[in-house]
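**Q** Have a look at this one before I ask anything.
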């Protein structure tokens, strides 16, 4: 059986360190994966004159999936371009409490599905004599596609409810289209509960009653904001994985940035990167291996064998070694 090619882009700052930790754990398992290393980010820009070389784009295009560490100031030129270049339309942000990690809600388990290609993030802005104007683009095609993805994901994961988040009471045309397409898709899944909330109410409910949610689907800007808010419920961005999924390609990245202030000190928490690898494995139909890593990570966290940000004394690679040890349990 031919190995699946995985493009590996460590990027900048702690991205390099957490990627090393994740690869150490992946290499402990017999996964039939071939890792193709590629370059991108601030250091790449300084060295080559471009933050995202053509050879990196080629590597991503040829790979079954891409693991990405972190990008610094060049993040928009790297990750945003990769999302657009490969039409990675669905951003998946699981929100799940972890054992041994202090958090606001110890039993959370839901997901935010964010449309990744439209909204204000198309970057169509211009100055006017009085200020500036930005164009918000919401299409029926993209709204239907992301709603379809959300229902399919919820069904696959055994969830019973999908909630659309919008502001159609004010943004009547753009969010009106998003809400309309959501309910058209919902009609194809009569066995599932479909609800919708305004984004401001959702921001409150995430704090007061987050257990009510199972799958949230929303537009680009709202999803960006709400998913970071949700990460705060489970301990912060250092514990949050994400996936960017398209029809043909998929890219997996931790939510945290390059954190240059702690880069090179061997204290970066690898949890988000390791959970990101489990999302990749599930996408590649290696669910058993993903669950094995998740259980090993949970044991390590429960034992307090963690990095300083979680109250422990281990370095990045030391924590990775403990997780790898638990893979053998």
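Cβ atoms are placed via backbone N, Cα and C, with glycine included.
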**Q** Same substrate site as 83, 93, 200 according to Swiss-Prot: which of 47, 114, 179?
**A** 114
**Q** So of all those recorded positions, 83, 114, 167, 200, which one's Cα sits nearest to residue 257 (NAD(+) binding site)?
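**A** Closest candidate to residue 257 (NAD(+) binding site), judged by Cα separation, is 83.
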**Q** List the binding-site residues among 93, 200, 265 whose C-alpha is within 10 Å of the C-alpha of residue 228 (Mg(2+) binding site), in sequence order, or say none.
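**A** Within 10 Å of residue 228 (Mg(2+) binding site): 93.
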**Q** Out of the binding-site residues 93, 200, 224, 259, 267, give me the one sitting nearest to residue 121 (site 'Important for catalysis') by CA distance.
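**A** Closest by Cα: 224.
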**Q** Rounded to the nearest Å, what's the C-alpha distance separating residue 114 (substrate binding site) and residue 259 (NAD(+) binding site)? Just drop the number here, would you?
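**A** Roughly 24 Å, rounded to the nearest whole number.
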**Q** Below 8 Å Cβ to Cβ and six or more residues apart, same chain only. Which residues does that give for residue 93 (substrate binding site)?
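**A** Residue 93 (substrate binding site) has long-range Cβ partners 111, 112, 113, 114, 223, 227, 230, 231, 240, 241, 242, 255.
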**Q** For the C-alpha pair, I'd like the distance in angstrom between residue 265 (NAD(+) binding site) and residue 83 (substrate binding site), rounded off.
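**A** On Cα coordinates alone, these residues lie 30 Å apart.
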